[in-house]
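What follows is a single structure, written as structure tokens, with notes after it.
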Amino acid sequence: MADYVLAIDQGTTSSRAIIFDHSGTIVATGQKEHEQIFPRAGWVEHDPEEIWTNVRDVVGQALGRASVRASNIAAIGITNQRETAVVWDRTTGKPVYNAIVWQDTRTQRIVEELGGSEGAEKYKARVGLPLATYFSGPKIKWILDNVDGAREAAERGDLLFGNTDTWVLWNMTGGVNGGVHVTDVTNASRTMLMDLDTLSWNPDIAADMGIPVSMLPEIRSSSEVYGKDREEGLLAGVPIAGILGDQQAATFGQACFEIGMAKNTYGTGNFMLMNTGTEQVASENGLLTTVCYKIGDQPQVYALEGSIAVTGSLVQWLRDNLKVISTAPEIENLALTVEDNGGAYFVPAFSGLFAPYWRADARGALVGLTRYVSLGHIARAALEATAFQSAEVLDAMKADSGVDLTELKVDGGMVANEVLMQFQADILGVDVVRPKVAETTALGAAYAAGIAVGFWNGEQDVIDNWAEDKRWTPQMDRGDRDRLYRNWKKAVTKTFDWVDDDVEN
């Protein structure tokens, strides 16, 4: 029997391939960043062909570093940035436009027109999501409306849509030569086009958006064999057997299998998911109802999700745009030069505000500035913004679910930052727990694939493999915590109502 499972993690800033052994331990990794394309304010794009090239490269890197042959890989799992929309020609295999990324806000007018008098809640009862620029459906409509010949080609049946999971899978399984056009329930649940009850495309909503259903991939479970890597591929013949959107994959990798268990992933943005079991919980507090996972023929499991647009990308912005730091980890040392935020609060509403506000008219603000404030204070305010936004989402989860969390499992790149993790525990008032394998997104996809082919026996193996690495316990006085949180909420209100007729994006 093969000894390893390989996960492809097609993320917002990079693509990675990670090889895991049976204990869930990382054996080798390959990683390559792709270009972030900003054609206009509020627009964010990726080149799908660059992504596909990078995926092949990182698979080769991982196999080489592990000295592992394809014959020793039991299965391949795919996890991906969700919502990001790719539209391509089924005959040529070429994208008709760049991928429109989940952070992109160009579809605001489309969203407002679709909502009409019913507003953002128009489809929420059916799809679990508010009408927002975040989701795939309006992005597909924008491409069909704005790329010459795209709508006609789509109506002829010549175009295919997918998030990057589908794009990678289609290419891996042969592309124009019989590529499998499939997505899983978790990714489909982020398009605004899938009915949460039936787990099938909703033709009425697709028609409202002018999207031919023929473009849409077949919806399958998160753990089953979808196809095999093409003959000329580095993993020729290896089954591709797991697909989970990145945040659902992290939830799976964190072994959040019981109702009320939650995790928070700290990446480009932050995403907190709470398992709600086989019952959908409709949010009254600005959260999303989404599919958490579906293992083969087992019933689907749902989740509440709080999505935060900008957290880690704020640190990248300080590095790349303002040149305040030269590498992202330097933010911690800069923050340690001061004891607090000096009264400064940084609300990074670069793409509007996601949960729990859903304010597309908001834009970033740095408030509370005096001549006392230094770069150290701004660095600390940037880190604290991540913790404050997560606290607001956790409050909403408590209100919707009636569950009081006793601890929060965390993962993602920013959990290496000790200053942030301690402040997160302080502001939440609960323990924050980091697992030994922090790459839970890739791990979750690996588990889904491995379970499908019998490499792992099921959720119990995931639970048995999970191990705690570090725990942060709240240390802040409650009065201080409440004062800081009140000031944060005041700062958030200063970002509202910025985008109007005088401001395009």
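Yeah, the Cβs are placed from backbone N, Cα and C, and that goes for glycine too.
The annotation ATP binding site is assigned in Swiss-Prot to T12, T13, S14, T268, G312, Q316, G413 on the grounds of sequence analysis. Annotation comment: Swiss-Prot describes T12, R16, T268, G312, G413, N417 as ADP binding site. Taken from Swiss-Prot, the feature sn-glycerol 3-phosphate binding site applies to T12, R82, E83, Y134, D246. Residues or ranges marked as glycerol binding site by Swiss-Prot on the basis of sequence analysis: R82, E83, Y134, D246, Q247.
Location within the structure of each feature annotated in Swiss-Prot.
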residue : record                               : Cβ contacts under 8 Å, 6 or more apart
T12     : ATP binding site                     : Q81, T84, V101, W102, Q103, G267, T268
R16     : ADP binding site                     : I8, D9, T29, G30, Q31, K32, V58, A442
R82     : sn-glycerol 3-phosphate binding site : W102, N163, T186, N187, R190, G245, D246, Q247
Y134    : sn-glycerol 3-phosphate binding site : E83, W102, S307, A309, F354
G312    : ATP binding site                     : Y266, G267, T268, G269, N270, A328, T386, G412, G413, M414
Q316    : ATP binding site                     : T13, T268, A328
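Note: the CA-CA distance between N417 (ADP binding site) and S14 (ATP binding site) rounds to 20 Å. Between the listed binding-site residues, namely T13, Q247, T268, N417, the fewest other CB atoms within 10 angstroms of a CB are found at T13. According to DSSP, T12 (ATP binding site) is assigned to coil rather than to any helix or strand. Take the binding-site residues E83, D246: by the count of other Cβ atoms within 10 Å of each Cβ, the lowest one is E83.
Counting every protein chain shown, the Cβ of G413 (ATP binding site) has 19 other Cβ atoms within 10 Å. In this structure, R82 (sn-glycerol 3-phosphate binding site) belongs to neither helix nor strand by DSSP; it is coil.
For S14 (ATP binding site), applying a Cβ distance below 8 Å and a minimum sequence separation of six or more within one chain yields Q31, K32, E33, H34, N54. Sitting within 8 Å of the Cβ centre of T12, R82, E83, Y134, D246, and not among those site residues for sn-glycerol 3-phosphate, are the Cβ atoms of N80, Q81, T84, V101, W102, N163, R190, G245, Q247, G269. In the three-state DSSP classification, D246 (sn-glycerol 3-phosphate binding site) falls within a helix.
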